[in-house]
Structures are given as C-alpha cells and as structure tokens.
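K.L.:
Can you read through this structure? Questions will come right after.
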Amino acid sequence: MLVDEQASSASLKDQLKQRDQSLRKVEQEMDSLSFRNQQLAKRVELLQEELAASEAKGKKGKTKGDSPSQQGLQTQSVFDEDLQKKIQENERLHIQFYEADEQHRRQEAQLKARLDELEKDSEQHQAVVDGLTTKYMETIERLQSDKARLEVRVSSQKVHSVSCSLCSQQQLRRCQSELNRQVKQSSSVIQEKVPFNDTSEQLSAASVFSLWVQLKARDVAGQAVGFVQDLVAALLNFHSYTEQRVHIYPLDSSIEPVSPLNQKFSQYLHENAAYVRPLEDSLQQLHQSITEDTVTVLETVGKLRNFAENFSSYTHFLQKILPYQLKSLEEECETPLCTTALAVKNQELQSDMKRVTSMFEKLQNYINLLALPSVQQDAMPQSSTSAVFTQLAACLHSLHDAIKEMSKHYNQKATLEQELPTVTQKLRTTTECLLGSLGSLTNSTGKIATFFSNNLDFFTSSTGYGPRGGTVALNPLQAESMLANKKKAAAYIHAIRKPRPQSVPYREALSNRRILTSSTESREGLTQQVQQSQEKIARLEQEKEHWLLEAQLGKVRLEKENQRIADLEAQLAAALGGSPTAHTALASTLIHSQEDAETEQRATGKEATLCTSLMGDEESREQLIKTHYMARVGELTTQLQISDSKAVHFHSECRALAKRLAIAEKSRETLSEEVKLANQNITRLQDELATTKRSYEDQLSMMSDHLCSMNETLSKQREEIDTLKLGSKVQL
C-alpha cells in the first residue's frame, strides 16, 4: 500500500511539473501577445493620426491640380489596406489571446482540483505516518528502556565477573602455592622414603593417570565450546536471514503470495533452531563431563556420541533444504529482470551450496567414526584414529574454503542486484544482514579449522593414556581401575601428611594374620557347635519341665506320706494308752514288724507296692499336668493373638507404604515429564524470542530508513505545494 502511494505520488509530481512547464509557456506566449497587441495599438494610433493629417492636407489641396489628388488617393488606399491588415491581425490576436486565456483558466482549475486531491492524500499519508511514527516511537522507547536495563545488568555482571575473576585469581595463586608446597613435600617424601622402582612386565603394562592430559583436554574442550557457540550463532543468523529473503525476493509476500516451493522452503528454514541449538548444548555437556577425576579418551567419552547424533541431525537438515535452495535460485534466474551475469552468479552459488553440504556430510562421517569407540570397544586402532583426526582437520579447512567462496559469490551477486531498478530498501537491508552472517560464518569456520590444526598433535598423540610403551587403547574397565588407583594414591599422600599411630611390627602382623586365617577356617566348626548347643539347650529345657513336674509330684507324695504317718502315730497312741514301757515296747515291736513287713514286701512284691502308691497319686498328677498345660496353652494363645495383631498391622502398613510408593513413582514420572516439557518450551520460546527480536530489530531499522525517506519526500512535497500556492496567488 505504501509503495503504491509512493509511486502514485511520484507520477503526480511528474505531471505537476509538466503542467507547470506548459503553464509557463502559455504565460510567455500571453506576454508576447500582449506586447505585440500594444505595439499594434500604437501603430494604429499613428496611422490614424497620419490619416487625419492627410485628410486635412487633402482638403487644403483640393484647389491644386489633379495629379496631387491622385497621389493622395493612392496613398490613402495604401494606408487603408495596411490598416485593414492590421485590424485583421489584431482581431486574430485577440481571438488567440482569448483562447489561450480560456485554456489557461481551465488548466488552472484542473490543477487546483488536483492540488486539493494531493493535499487530501498528503493529509491522509501524514496521518498514517504520524500513527506509524507514534507506534514505532513507543516501540523504540520500550526497546531503549530494555536496552538500558540490559546495559545496567551487563555492567553489574561485568563488575561481578571482575570481582569473581579477582577472587579466582587469588584462589588460583593460593592453590598454586599450596600445590607447589605439596609437590615439594611429596617429592622429598618420595625421594627419601619410596626408593621403589619395579620394572617387571606386569607393572610396566599398567596404565598411568596423567593430570596434565585431563587439564589439557578440558582446556581444549572449553575453547571448542566457544568456537562452536560462534558457529551456532552464525548459522542461526544465516538461516533466519535466508528465510526473510525468501519472503522478499523474487516476489514480495506483502504484495503477492510467494510460490509453494518457497513457502515450503521458508517453513523448513523456520525450524533451523531445533537442529542448530543442540550442537552447542551437547558440546557443553561434553565439556562438563571432562573433569580432573575422569579419564578422557575416545573409549570413555560417552557424551561425544550425543554430539555426533546432533551433528548428524543437522546434516540431514541441510540435505533436506538443499533442493529447495537450488530451486529458489532457479526461480530467481527465471525472473524477467535477471541478467546473464546474475544467472551465472546463481549457478556458482548452487555449486557452492552443494559443496558446503558435502563438506558437512564428510564431517558427519568423521565425527561418527570418532564416537564409535565409546559404543563399541576395540572398534578402531590408534593408527586409524590419528588418520581420522588428520582427515577431519583437512575437511574443516575445506569447509572454510567452501564457505569463503560462497560468501565471495554472494557479495558479487548482491552488487549486481543493487543495479536492478526494482530492488527495494527492505531487500537491501536483508541482503546486507545475510552477507554479515556469511562473514561471521566464514570467520568462525576459519577459527575452528585453525584451532583443530594447532591441537592436532594433542588429538593424535598416544602417550597420554594407555600402557607404558604400548599402543593398545584404554578400555573403560582399565579407566576405572586407573581412577581407583589414583584415589588410593591421593588418599595415601593425604594420609602421610597426618600424624599416624605407631605401625604394627611385621612379625606381629604375620601372627595376627595366621590367627585370623585359623579363626576364619574354624568359623564353620564354631557355627556347627553353636547349632548343637542350641539344640542341646532346647532338649534340656524340655527335660527341665519334665523334672519340674516330677518334683511337684514327689512333693505331693511326700506330704501324703507324712500325713499318713501322723495318722498312724495318732492311732497307735490312742490304742495303747498304757505305761511308757509298754508303749515303748509296742512301738519298737511295731517298728520291727513294720521293717520286717517292708523287707518282705520288698522281697516279695516291690512292684505291687509301687503300683498301689501310684494308683493313689494318679488323679492328682493328671490334675497338675492338666493345669500346667492349660496355663501354657493360654500363654501361647495370648502370644499368638498379639503376633497376629502385629502381623496384620505390619501388613496394612506395608500395603499403605507400597501404595504411597507407587503414587510417588507416578508423580515423579509425571513431574519429570512436565520438567522435560517445560525445558523444551523454554528452549523453544527462547529461540522464538531471539528470532522475533532479530526480526523486529531489522524491521525497525528498515522502518526508520523508510520514515526518513518519507519525511524527505513530504518536505519536498510541502515545498512544491507552497510554491504552487504562491504562484497561483500571484497569478490571481
């Protein structure tokens, strides 16, 4: 809409200039006609005066001869003819003057009407420009406030970083001094106390931990992260500005829709951040995984596989958009305004894009080869690894050359496009941004290629890890063993600095070891003895209960026997009732008779006596046994009920805990999924924010330029309008 209005305004300006020129010509003709009319009027007056004078002379000379009268008549006829011609010419000039005056009035009326229309259009344009100016001024103020806030934040971050750097430098100095002191102390301890240098085959094949290799690997990874961040930023800008150019050239999407091919191409380019950002993230994770407490070789760096997968996905993205890039350049060649030189540059750019994509495919293959040992052990020998690193360095240089050549051809193409009559300011700005991103991409690839070549010796060296004097690769188990030995050595070095108790003599240690060995060997025997003792204790407990019952029965029998003896003695005393001598004799007789009876009883039938006594005690014994076992059964029942209640309680608690655990697991999985989705949304929103911010900045710059040009155009129009108004007032 704005471009159309600009074109119409320019055409109206041209028409106004042409009408002004025609108006000036008519004015000049009018001036010349008026001047000629004045001359003719003076000539007529002179002729009339001469005619009057001649008539007066004729009256006076009538008395003279015929010849003078004839001469006067001839002169009069000549004057009459000349006067008639002058009158006709004057009439013709009056008619021309009238027609020119009418034409001038009509043109003036038309120009006034056109001027009114132009003033109305100018007012409308001014209202639109004022609205846009207000809108963009608000946007500029908001962005300036954001910029000021970010500058304040950057300054605070700079102050914080300076303070942190000073603190880190001080800590580094302290650590260096402390490490130097520890190194000196350890060296003195090793020289004085550890004169051990075993060069047997088994020890010489052991792997050695190298702290220098770890520090060097971490430093190299950190530098690589910085270079890849620059590369990622350049790739994002290149794809974003390419997407903007597709919407502008060869067809402007704001005026007419672009082709379906370019729409699909733009859709693919809009997804570039999803393929480019993971390169930086995966390499950052690789850098974080390299610490002083790890072993960094191709077989143990698992994060390199993630970087290889992300690089492969980006390479597939380039392969997917390559046909659309080639077709887009072909569409540019098919436009009517495409010159032969511009078509040649488009063909060169097609070959450059194919070459860049092939270089990325080669890099993908080499990076996948380097990531293979972390997945499959013994996948690649050391010599092949060195060759892969060498080829990778050469491929990086080739990629830098290809991108440099593409940037040069794009610059030449942009120069040719500037000469086209239909090029707009928006296309110029987008092309300049695209060329800037290509320059950044060239610089970043050159830095990466130089960095890789400078560190190629470190990448291809086989002396950092592995067996001493060998070329066998280090596997993860050996790396774990190496780290365990390193921790033991560090613990030992840390321990020797502390005051230690007096060590055990060697002979005492040997005797203790023998005792420990014999104790270990007799462990099974002691276990068997414990089991036998437990069984014996259980058996003795049973016998104890049996003999307790027997003791109770014996006590009952004893009480009954004592009662029976007392009863017999009472009966004996009541029966005798006589003298003491007789009583004594009777008692002795009874005793002897009882003893004889008992002796006979023992001799004749001891079993009958025992059966008779047992039959008298059977009922009481059964009652006691029944009472004892009933009490025992009651105790066991109580214990069983308590155990059942505890078991039920524990079972319910276990079920409740199992349910809570399942719920917690589900909630944890749900929360982890939500966290992943939130992180993905944050990454996507950050990418969209960055893209939107860049597009807004570009649009603001373009609109600022456009506003400047519109202001200049409006000022020129105002000046011309003022000039026309003054001219019309002067004419009126």
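One is the number of the first residue shown, and numbering goes on along the chain from there.
Each Cβ is built from the backbone N, Cα and C atoms, and glycine gets one as well.
So TrEMBL says this about it:
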{"type": "COILED", "residues": "101-135", "note": "coiled coil"}
{"type": "COILED", "residues": "523-578", "note": "coiled coil"}
{"type": "COILED", "residues": "654-695", "note": "coiled coil"}
{"type": "COMPBIAS", "residues": "1-12", "note": "compositional bias 'Polar residues'"}
{"type": "COMPBIAS", "residues": "14-28", "note": "compositional bias 'Basic and acidic residues'"}
{"type": "COMPBIAS", "residues": "66-75", "note": "compositional bias 'Polar residues'"}
{"type": "DOMAIN", "residues": "1-83", "note": "domain 'Protein phosphatase 1 regulatory subunit 21 N-terminal'"}
{"type": "REGION", "residues": "1-32", "note": "region 'Disordered'"}
{"type": "REGION", "residues": "54-75", "note": "region 'Disordered'"}
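Map these features onto the structure and tell me what's around them.
P.N.:
Outside the coiled coil (101-135) by six or more residues, the chain places 2, 5, 9, 12, 15-16, 19, 22-23, 26-27, 30, 703, 707, 710-711, 714, 717-718, 721, 724-725, 728, 731 with a CB less than 8 A from a CB of the stretch.
Mean model confidence of the coiled coil (654-695) amounts to 84 (pLDDT, 0 to 100 scale).
Long-range contacts of the compositional bias 'Basic and acidic residues' (14-28) within its own chain (CB-CB distance under 8 A, at least 6 residues past either end) are made by residues 100, 103-104, 107-108, 110-111, 114, 118, 720, 724, 727.
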K.L.:
When you scan the chain for residues with a C-beta under 8 Å from the coiled coil (654-695), skipping those not six or more beyond its ends, what do you find?
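P.N.:
Cβ under 8 Å, 6 or more out: 236-237, 240, 244, 273-274, 277.
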K.L.:
Using DSSP, what is the helix/strand/coil residue split across the compositional bias 'Basic and acidic residues' (14-28)?
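P.N.:
Looking at the compositional bias 'Basic and acidic residues' (14-28) with DSSP, the answer is 15 helix, 0 strand, 0 coil.
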